[in-house]
């Protein structure tokens, strides 16, 4: 090996290695160079490998740590998680979903309080859930348990809110609007100061029509002045021969004065109208006793129904909310609603009538009803609805009666449809030849003996029993009911073609809770030009 060193003043200095032979100089240098290159290559590779490991190992450690933490609730073991991540290249979202589903299904719901209205230890909001999971570092099973309790509590709150909203909606239907109260007061005052409001109804020249069988007699039992005016106005406006109609209004003593004043003042635009108060009837003592007994029994049934609902904290079986709450309406106890069973005694000189409720509006001529052949039956009524034969949602016999009692199950069929009240044709001559009124009283007494458990409160259930087998079915287009419900299910074409629209249900058209989609069908027959209607702001 030789080193050549150059310096100032020295041209060349040569240092020779004595251990290297002259003959081997070129071969020895090549071997030494190869060994030096091999040492340099191995050192560089080792340095790069160490640098790579220094970068990769921390990531592997962190990833493995996460897998170990997840394995407690997701994977069967850390190696399982590593197998999922490293060898399959996927994530654990599918297995997490399966584990979460299993935890939710297996989680018991034994967290209700003694009343079943709450969940112990349940959280109130999503933020509370996040804090709970973050601070306490819960596993997936704990997360499922807490989440399920929270959701159950929220579901109960929603159901409770819906239930209370339904109860309040029904309570709103019990009141009398300020505008109607105003109308009655102003008409009562008008009756006392205006001689025209006190004139005889009908006028003397028309009295003979009250019992003339050649005229079409319509009966209303009502204490609502505005509703009665709409019924008569809509009937007259849609009649081909309005002069053929005679209206008989029966009201209570309280409403007689404003009712008489309204039709006396508006007599020019009305056909023959008779207004009669219950205090003007002179019935035998026997009839008075039966009427009083009838009302007493209906009150007992109503009170028992109310007490049962109160004891159950006004909870309901699904699908029975409407019937249960509507049965609590004070109108179920109103005398005028129960007097229809005594119509033959109210009108002893009439043979055929049409009875209309005060919550109906007439859209076509009713004259052909008096020509309808009842085939020897007493009452003509719509049985099947527009939706088809034996289609009557919410008014099958099972919706009114307690079929667990043998008295009911032996006389009626659960799935049969009850006929609609509100627009009925009565053959009073045929009625007088039956014992319908007495059968009605008999069923009331049987109800008392059976513990008042035979039917829901109201006049219709015992009426259905008394008229069993004496009903003639009419075409469904004559009468469409249910417009006083929360949602009107009848199609628009059915509503337009119906002869009589019945706002049966709590949402009467004169109430604010009425359905705006059908309210206009009733309000178009309100006399908006009348001074009392304007002063009382009824159209507003």
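The backbone N, Cα and C atoms fix where each Cβ goes, glycine too.
Residue 402 (N-linked glycosylation site): 15 other CB atoms within 10 A of its CB, across all protein chains. Per Swiss-Prot, N-linked glycosylation site is recorded for 402 (among others).
Residues annotated as N-linked glycosylation site in Swiss-Prot: 435 (among others). According to DSSP, residue 435 (N-linked glycosylation site) sits in a coil region rather than a helix or strand.
Summarising the annotation, Swiss-Prot assigns N-linked glycosylation site to 527 (among others) and lists sequence analysis as the type of evidence. The C-beta environment of residue 527 (N-linked glycosylation site), restricted to residues of the same chain at least 6 apart in sequence and closer than 8 Å, consists of 229, 233, 266, 533.
The annotation topological domain 'Cytoplasmic' is assigned in Swiss-Prot to 1-47.
The annotation topological domain 'Lumenal' is assigned in Swiss-Prot to 69-540 on the grounds of sequence analysis.
Summarising the annotation, Swiss-Prot assigns transmembrane segment to 48-68.
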Can you grab the distance from residue 435 (N-linked glycosylation site) over to residue 402 (N-linked glycosylation site)? Cα atoms, rounded to a whole Å.
24
